[in-house]
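Accompanying notes for the structure given below.
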Amino acid sequence: MAVSERRGLGRGSPAEWGPWLLLLLLLGGSSGRIHRLTLTGEKRADIQLNSFGFYTNGSLEVNLSLLRLGRQDTEEKAPLVGFSLTRVRSGSIRSYSNRDSHECPLRKNSSSLLVLFLINTKDLEVQVRKYGEQKKLFISAGLLPESPSKPGLPKSEHMVTPKVDHAGTTAAPDKAKSKPTGLQGDRQGVSGKDQELVLGLGHLNNSYNFSFHVVIGSRAEEGQYNLNFHNCDNSVPGREQPFDITVMIREKNPEGYLSAAEIPLFKLYMVMSACFLGAGIFWVSILCKNTYNVFKIHWLMAALTFTKSVSLLFHSINYYFINSQGHPIEGLAVMHYITHLLKGALLFITIALIGSGWAFVKYVLSDKEKKIFGIVIPLQVLANVAYIVMESREEGASDYGIWKEILFLVDLICCGTILFPVVWSIRHLQDASGTDGKVAVNLAKLKLFRHYYVMVICYIYFTRIIAILLRAVVPFQWQWLYQLLVEGSTLAFFVLTGYKFQPARDNPYLQLPQEDEEGMQIEQVMTDSGFREGLSKVNKTASGRELL
């Protein structure tokens, strides 16, 4: 997403989050679907600028305000640089992700929809080559007016029509006789390549600039499009030359600035926020009716549900303003970041505490469980903060893809590590069921822990793995099903967890150990932690249970 300045956000942010969180929030903000990318000393051969799903009458505007190449203009051969616009089956699949690193996308032909913008620094022109069947994909120089009479459709398409000799071959374009051709589609040659268009290239102070816009004219051209920049001279190892680039990208659909897959997200997040709010209110009503069996962990579960609801509410509002204005409200965006961070921390803390049996079965965590909390929770908080920072940066940044993959791996590691307290509790109950006289109670608790273990496993698979596979295979306009699956799985996990561990007298998980059993657990915990000296055992009766 785009980078924009945030003015005055530091004063309005809560002080308890500390300077590091403020720094991460201030590193970059989202300005919606109006992207501005500035790279200095860049050496990559391929830069993935953006991916967007277009409907009919959707428009893409690109303004290359600065391109300064490392090669000197005195060289005989002009550098091979330019843009490529490719339609792909899924937004998560890049057009050149599996290609040879030494192959230049600007030199290849394609039977699928592909548009190349070849920058010729010698002749100061940009050659536009179109491949595939493109009946109504309109390309014109310049940017669209701010308030067109018809959204997405330009009044005319200024292009240069090449000469065609009697043999049927295409000759060089004649700039002197070029004229607008209106909104008529281009004629396709015998070779399958459309006739070339030529755009002007500006040259000022050893830098180049030009702008163009693309309009999706029919349903046949709808789809997910990837816009990339290529510097083919840097594809050869050891011959990289640094270059500077500043580009502005503005994408729009007839209904707003959101991509095709993001248009339903405003309503989706609003509905899911209401569902989590209703679940939280229902959970609090259960806690108020069963005060005798309520523990602190129950109120922590309620706080998690309400925080999730507020986070989705702010997320929904952000998408609404992005769709209508092209950028979110800065204050609401920061509130979404804060609630998103709180939600991620509370989620893993709650899962780990329930799995370890804290407050339900025991009141002291062992050294192993403390290490899990000391490692997993800070990593998960860091991963959530890092995801927020990545969302506020441009996709074309040099470290964007690498950090996104690393952070996804860290999140999976955290999800796997958080299962250890549940496994340890299951093993403890298995050992206890054969050593003490409370076999029935321990077996009931063991069955409940096994169910919870399966629930956590399913939650991780549905929200981390299956959801990503779904996004990779569904059509571009249905990719919002990824968010639906994630939020639906989260809601189902919350409801099942509340049902399994609700405050009820007949819940085996809430049957605190009495005398002998509790003494054995406290003795084991104190032995593992090394704080046994100076402690005396106190008997607990049913009347001594914690009341909230």
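Positions of Cβ are set from backbone N, Cα and C atoms, glycine also.
Taken straight from Swiss-Prot:
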CARBOHYD  N57  N-linked glycosylation site
CARBOHYD  N63  N-linked glycosylation site
CARBOHYD  N109  N-linked glycosylation site
CARBOHYD  N205  N-linked glycosylation site
CARBOHYD  N209  N-linked glycosylation site
CARBOHYD  N539  N-linked glycosylation site
REGION    165-190  region 'Disordered'
SIGNAL    1-32  signal peptide
TRANSMEM  268-288  transmembrane segment
TRANSMEM  297-317  transmembrane segment
TRANSMEM  341-361  transmembrane segment
TRANSMEM  372-392  transmembrane segment
TRANSMEM  406-426  transmembrane segment
TRANSMEM  454-474  transmembrane segment
TRANSMEM  478-498  transmembrane segment
Taking 341-361, 372-392, 406-426, 454-474 as candidates, which has the most Cβ pairs under 8 Å with the transmembrane segment (297-317)?
341-361
Which stretch from 268-288, 341-361, 454-474 shares the most C-beta pairs under 8 Å with the transmembrane segment (406-426)?
341-361
Let me know how many other Cβ atoms fall within 10 Å of the Cβ of N205 (N-linked glycosylation site).
6
How big is the gap, in Å, between the Cα of N205 (N-linked glycosylation site) and that of N63 (N-linked glycosylation site), rounded to a whole number?
18
Euclidean distance between Cα atoms of N57 (N-linked glycosylation site) and N209 (N-linked glycosylation site), Å:
26
Enter the number of other CB atoms within 10 angstroms of the CB of N63 (N-linked glycosylation site).
17
Excluding its own, the Cβ atoms lying within 10 Å of the Cβ of N57 (N-linked glycosylation site) add up to 18
Sort out the residues at least 6 away from either end of the transmembrane segment (341-361), same chain, that have Cβ-Cβ distances under 8 Å to it, and list them.
21, 295-297, 300-301, 303-304, 307-308, 311, 369, 372-373, 376-377, 380-381, 383-385, 388, 414, 418-419, 421-422, 424-425, 445, 449, 452-453, 456, 497, 501, 509-510, 512-513, 521
At the Cα level, what's the spacing in Å between N57 (N-linked glycosylation site) and N63 (N-linked glycosylation site), rounded?
20
What parts of the chain pack near the transmembrane segment (268-288), using Cβ distances under 8 Å and only residues at least 6 beyond its ends?
294, 298-299, 301-302, 305-306, 308-310, 312-313, 315-316, 319, 480, 483-484, 487-488, 491, 494-495, 498, 502-503, 548
CB neighbours of N209 (N-linked glycosylation site) within 10 A?
16
